[in-house]
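> Handing you this structure, nothing more for now.
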Amino acid sequence: MRGRDLCSSTQSQALGSLRTTTPAFTLNIPSEANHTEQPPAGLGARLQEAGVSIPPRRGRPTPTLEKKKKPHLMAEDEPSGALLKPLVFRVDETTPAVVQSVLLERGWNKFDKQEQNAEDWNLYWRTSSFRMTEHNSVKPWQQLNHHPGTTKLTRKDCLAKHLKHMRRMYGTSLYQFIPLTFVMPNDYTKFVAEYFQERQMLGTKHSYWICKPAELSRGRGILIFSDFKDFIFDDMYIVQKYISNPLLIGRYKCDLRIYVCVTGFKPLTIYVYQEGLVRFATEKFDLSNLQNNYAHLTNSSINKSGASYEKIKEVIGHGCKWTLSRFFSYLRSWDVDDLLLWKKIHRMVILTILAIAPSVPFAANCFELFGFDILIDDNLKPWLLEVNYSPALTLDCSTDVLVKRKLVHDIIDLIYLNGLRNEGREASNATHGNSNIDAAKSDRGGLDAPDCLPYDSLSFTSRMYNEDDSVVEKAVSVRPEAAPASQLEGEMSGQDFHLSTREMPQSKPKLRSRHTPHKTLMPYASLFQSHSCKTKTSPCVLSDRGKAPDPQAGNFVLVFPFNEATLGASRNGLNVKRIIQELQKLMNKQHS
């Protein structure tokens, strides 16, 4: 097996995603003194079908925007003279700056409680959760960026308890992706028994454990130990078996930050973002020094303050982050089966969310973005470390800019393709006097996508990134980015890509079958012969609640439901047992 230099190709991939076209607009002023405005033809027809009549509005001539070049895929062309009122977003002091920047860039207005009615907003995005009363009072045209009840997944002790319950209910074969875990202080006796039993079996060989505070994040309060006398804890902690054989790149430990968006729990709908972050420790992995956090912890909040952060490190280069696409390019350069790894990650995400999904209360018009932290060991097995609530969207480096700005863009596209499809939404907006409907349509655009489920995303996962980025551009239009591409090109062409990635990974990689062709983006071969797929779908069309979710929005790919059986098992209540059976079938197929 031999490697190849991925620096230039990887750099061109990263920069390719930044080459955008800024839309040009011209201003048309109607010449008639008494100008009459009619709703857009497509929208008016749908509102008439819903039994809502909108009288023509008369008034002063209104400047209108005529598009020369579309920044997004459009559901339909807007007629000249259509009134476009911007959507409104609401924030608090915790709202990430990149979210506000992206929304303003897309033409949204920021909510001003001094000048606007209390309900005159479309999206409320903040870091903290919402009270149930806030969920209950949300209007049909509004969206919240959190779902109630999801902290059961993001507290480390709760996650461990729920996954332990799922393992007990459905067997260990599916739930082998979490390290052996004990919740302190309740499991203290069990941990002590396990520790000394293992110590007796291993003899002089060391075993390693990691102790984490249940509620803290960003690597705070973490202790790694081998000797029991070093084990100290107070309050709520978890103790896990430390993965002592991580996949090393340039002898540095890394983990993956995978972004997952759940657009609804009833019915359950899960999307996985096919780009993400790879976070590196900034000092070389060394089990003989467990106190060196820069060698054992990959949290960027820790490593960006380390002495080696600015250095050009072997293979990794400058800083402590790669894009996920660069990481998979590195694996492919050594003939590692990255598609199989993606399947395992998708399955892990589904099984993890299934652990809490039945107990999550119903709430309309909300979504949840999770950050899954996953470690790959030297056998290419993915391990779930934790799930993060409100994953950090700060822009600390050029890699953050590349990933997180487009992530926010794609979340907005995803939510306004799926979140506003509920039956009667447009009619309700018009009835309540919300005049933001047209702007919602122009911002989120439309996506030429089938009305049915795309493919079995776990048994046939496509490569999201390959050497030809044009595939991505054909599938989804690239939206304008605020940061100038030339500025980022200068950053990305420097130290971040200074070194060749020609080093054998510290692993035993599974080779790709010679008979397995490399797949390109979105081979959406539907599994449903009983569903007639339409050639074009407008996000504004009133639809029934049994409609299959959109297969993709930007880099978000639907992973659940993944076939007709799981679609049915998630509609009228959540049939977890049936879903588990379908997942087990896929595992059996992959192993056969």
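Heads up, the Cβ atoms here are built off N, Cα and C, so glycines get one too.
Since the structure is predicted, the reported quantities are computational estimates derived from the model, not experimental observations.
Heads up, here are the entries from Swiss-Prot:
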- 1-23: region 'Disordered' (REGION)
- 7-23: compositional bias 'Polar residues' (COMPBIAS)
- 51-77: region 'Disordered' (REGION)
- 84-427: domain 'TTL' (DOMAIN)
- Lys212, Arg218, Gly219, Gln240, Lys241, Tyr242, Ile243, Lys253, Cys254, Asp255, Thr298, Asn299: ATP binding site (BINDING)
- Arg218: protein binding site (BINDING)
- Arg279, Ser301, Lys321, Lys404: L-glutamate binding site (BINDING)
- Asp373, Glu386: Mg(2+) 1 binding site (BINDING)
- Glu386, Asn388: Mg(2+) 2 binding site (BINDING)
> Check each residue in the chain of Gly219 (ATP binding site) that is at least six apart in sequence and keep those whose C-beta is under 8 Å from its C-beta; list them in sequence order.
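Asn293, Leu297, Asn299, Ser301, Ile302 - these are the non-local Cβ neighbours of Gly219 (ATP binding site), listed in sequence order.
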> Using a 10 Å radius around each Cβ and all protein chains in view, which of these binding-site residues has the most neighbours: Thr298, Ser301, Asn388?
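Result of the Cβ crowding comparison: Thr298.
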> Which whole-number value in Å describes the distance between the Cα atoms of Glu386 (Mg(2+) 1 binding site) and Cys254 (ATP binding site)?
14
> At a 10 Å cut-off from the C-beta of Ile243 (ATP binding site), count the other C-beta atoms across all protein chains.
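Result for Ile243 (ATP binding site): 19 other Cβ atoms within 10 Å.
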> Return the residues near Lys404 (L-glutamate binding site), defined as same-chain residues 6+ apart in sequence whose C-beta is under 8 angstroms from its C-beta, sorted by sequence, else 'none'.
Val98, Leu393, Leu395
> Is any of the binding-site residues Arg218, Arg279, Lys321 within 10 Å of Cys254 (ATP binding site) (Cα-Cα), and if so, which, in sequence order?
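Candidates kept after distance check: Arg279, Lys321.
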> Could you tell me the C-alpha distance between Arg218 (protein binding site) and Ile243 (ATP binding site) in angstrom, no decimals?
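Spelling it out, the Cα of Arg218 (protein binding site) and the Cα of Ile243 (ATP binding site) are 18 Å apart.
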> Hey, does DSSP put Arg218 (protein binding site) in a helix, a strand, or just coil?
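Assignment for Arg218 (protein binding site) reads coil.
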